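A.B. asks: Got a structure here, written out as structure tokens. Questions coming.
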């Protein structure tokens, strides 16, 4: 194997602006290019590759955009071997140089062993690490210890549009022989110690629109006599969460799983240096002062974040505008056993209550634009044991057994539809900055991660 | 005179993207082109024109941008005649087709007698109406009844940067012979009835920055353990004004001039059809139900508007980001006898109080980026009487005697530095949409406004 192959390919993949969040034709074209490139790479590995046409997507504004194809690929079909299906995604969050990137987000740039670029860790790097592990067996002319399938999509950051329907359809076809499902789309909880993830939070994404009229107003000409939409919206958003992070929507904590003594013990067993965590996050002070509280509030309690406002003045400078129509955006990270549709009703009722008390003449509209379930797994499944052994082999340590505060809805979906064990084996360090500016993956994580996947194949062959 | 001259020139002037609000080199170049074009037009009228170099401007981010020149022009210097100085500005507010413009904002487009385009009414149209009135005397080969001076700037929408220093410097030179100052940079209070304006509100523009760190966070990875800057900012902005429009900053109403019986009478005398006003504004319901309350809250009481947030997620779609650093923007329209620096202290103290109660570990910084005084005039000055007579001649009606809720800081500045009478003679209808999408001036207003200025010259000659 060309030792530069992995790195070179990651550079090429990062160079493709496969942003699935901004619904514009240019990025969709990039997504199609991304999926075609990946299909090509898998074909060169000798896989049987199908690019499944996913049709198109109707946006709220009436626009229709094509959905990039999903790749279903297979390598080996030996009935004496276990079959592991790897899920990954090749779309990325938006990235704009002007938002504070120190390097071009679409040019993979190595600085001090860190490979900076949008998608480097979420999720292009881990997908390539898996591919590199397979290539290693190919290059050494060794048989693969397991049969391998790939399902790779391009709409994860936009909520995996139409993926569930595809998995449902392929349940008794592509997925019929699958024994295990592996996902590598999250991060460790430290910079150096590997982890295995057995649960993730869900997410309910809300928009709340307040409208007086479609046009903006001049604050000199109308300031003082209007129910200003921004005043309404700021009051609505301000009613959602208090300064200690507690969500103020009535009933929202009702279905949160009760905390057991046994569960508390699992948090205590995890190594987390709070000082190092604060330093690597560049955060001066968290809401909580103990490791256990921090972990529980990231994993087993819901959280609410306000993301921003569409339609108001958002640029540098001083514009004296009264926005006529504004859309607030926030989301709630859901935990077992919260229910997406119950949360939708609770949030809607709460905002309607707050709004009605304002006696505003504006129109308010609440909408849940994404609703993703939380997921939790059985950590005694075969592949959890195999992953632990592989980690011991490559890293010489026990993994942290963790959950993830992020949403990886396909974990829950695979569990429910395919009904096979799902495991998350992250490769990146806690400071990788997924979704934010200056996202990176460490060269070390990328290479050791490739070894980990190769070792995992061997352990799976033994334990299956 | 070519009858098409005025219209054609307005089209050419609107086509220049002379945006002074967005501090980028491209728009600055357009501003320089705009001022050069205007200087050229005035030279063709026979005026003696000086383009005064205004140096450059240091922005908060360290960037330096050149300030467009101010035009000082003179037509006639007969010592037996009165000298009227006209002030106008040729810069405009930002305009983006995607924000809801039905036509290209920089292509003057006539639809049903309305001339749509950014700057059509604020302030390119009125500046050209004055120039057209002068051209009319020239075309008829008649002597101008008054000496005329022009002061035309290109930074009004950005707070008339460096203009005050220039006026101060020119006080005993360019302004030494000036008897009267006329400004036409606001709107009537109805669609059809002309008005004369004798007072304007001021403006204090504030930014409040809340920062955790420069980078954004992923809400899955950090949601639940952070003092989120957006939660702090929304609480800060939500503490400023209640749902009835009352400003909640302690002490803010202390210096507002007491309301007299005589003043109430002036509001009663004004014709304002509330239904028509609501319809033309496309607003379903105002905060107040009587004409008097509406007028007082636009003119003689302060108002607070929240304009938007810089640094948060502001685009279509669903980005699960926790912004790391956000800047809220709001402004307070000031009225006699509120004081800019007192207001600055009150607002800063209030926000610091609210923020300290949240026990947030974030950093907050309040800054007043613009502070513009309110202005009020003596309505018995000669030029007020001349303007009334000219309006009777051209429109056959008495004008509404009004104040303006907008800020026209140069009115206050001319009054204080030049110490001559200042009058505002607006030309545009209440529905012109200055500062908002689909700004326009009616063809009728533009033509009758030109006649009004010509009649005003003749009346001034008689009354001086």
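Cβ from N, Cα, C; glycine included.
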A.B. asks: Have a look through A:435, A:464 and flag the one TrEMBL assigns to the Mn(2+) 1 site that A:122, A:157 belong to.
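C.D. replies: Matched candidate out of A:435, A:464, per TrEMBL for Mn(2+) 1 with A:122, A:157: A:435.
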A.B. asks: TrEMBL records A:89, A:122 as Mn(2+) 2-binding residues. Which of A:19, A:185, A:214, A:216 is assigned to the same site?
C.D. replies: A:185
A.B. asks: Limited to the domain 'Peptidase M20 dimerisation' (A:199-356), I'd like the whole-number average of pLDDT.
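C.D. replies: In the predicted model, the domain 'Peptidase M20 dimerisation' (A:199-356) has a mean pLDDT of 95.
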A.B. asks: Near residue A:435 (Mn(2+) 1 binding site) in space, meaning Cα within 10 angstroms, which of the recorded positions do we find among A:91, A:122, A:156, A:185?
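C.D. replies: Of A:91, A:122, A:156, A:185, within range: A:122.
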A.B. asks: Looking only at A:91, A:157, which of these recorded positions has the biggest number of Cβ atoms within 10 Å around its Cβ?
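C.D. replies: Per the Cβ count, the most surrounded site is A:91.
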A.B. asks: Taking the center of the Cβ atoms of A:89, A:122, A:185 at the recorded Mn(2+) 2 site, which other residues in this chain have a Cβ no more than 8 Å from that point?
C.D. replies: A:88, A:123, A:126, A:127, A:156, A:157, A:408, A:434
A.B. asks: For residue A:89 (Mn(2+) 2 binding site) and residue A:218 (site 'Important for catalytic activity'), determine the Cα separation and express it in whole Å.
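C.D. replies: Roughly 45 Å, rounded to the nearest whole number.
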A.B. asks: Of A:89, A:91, A:156, A:185, listed here as recorded positions, which sit with their C-beta under 8 angstroms from a C-beta of chain B?
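C.D. replies: It is none; no candidate comes close enough.
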A.B. asks: Within 10 Å of each Cβ, count the other Cβ atoms and name the one among the recorded positions A:218, A:435 with the highest count.
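C.D. replies: Per the Cβ count, the most surrounded site is A:435.
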A.B. asks: Check residue A:122 (Mn(2+) 2 binding site) against DSSP and tell me helix, strand or coil, would you?
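C.D. replies: The residue in question, residue A:122 (Mn(2+) 2 binding site), is helix (DSSP, three-state).
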A.B. asks: Can you tell me which of the recorded positions A:91, A:122, A:185, A:218 is spatially closest to residue A:156 (active site, proton acceptor)? Compare CA atoms only.
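C.D. replies: With Cα distances computed to residue A:156 (active site, proton acceptor), the winner among A:91, A:122, A:185, A:218 is A:91.
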A.B. asks: Quick one: Cα separation, residue A:122 (Mn(2+) 2 binding site) versus residue A:91 (active site), in Å?
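C.D. replies: Here the two Cα atoms are 9 Å apart.
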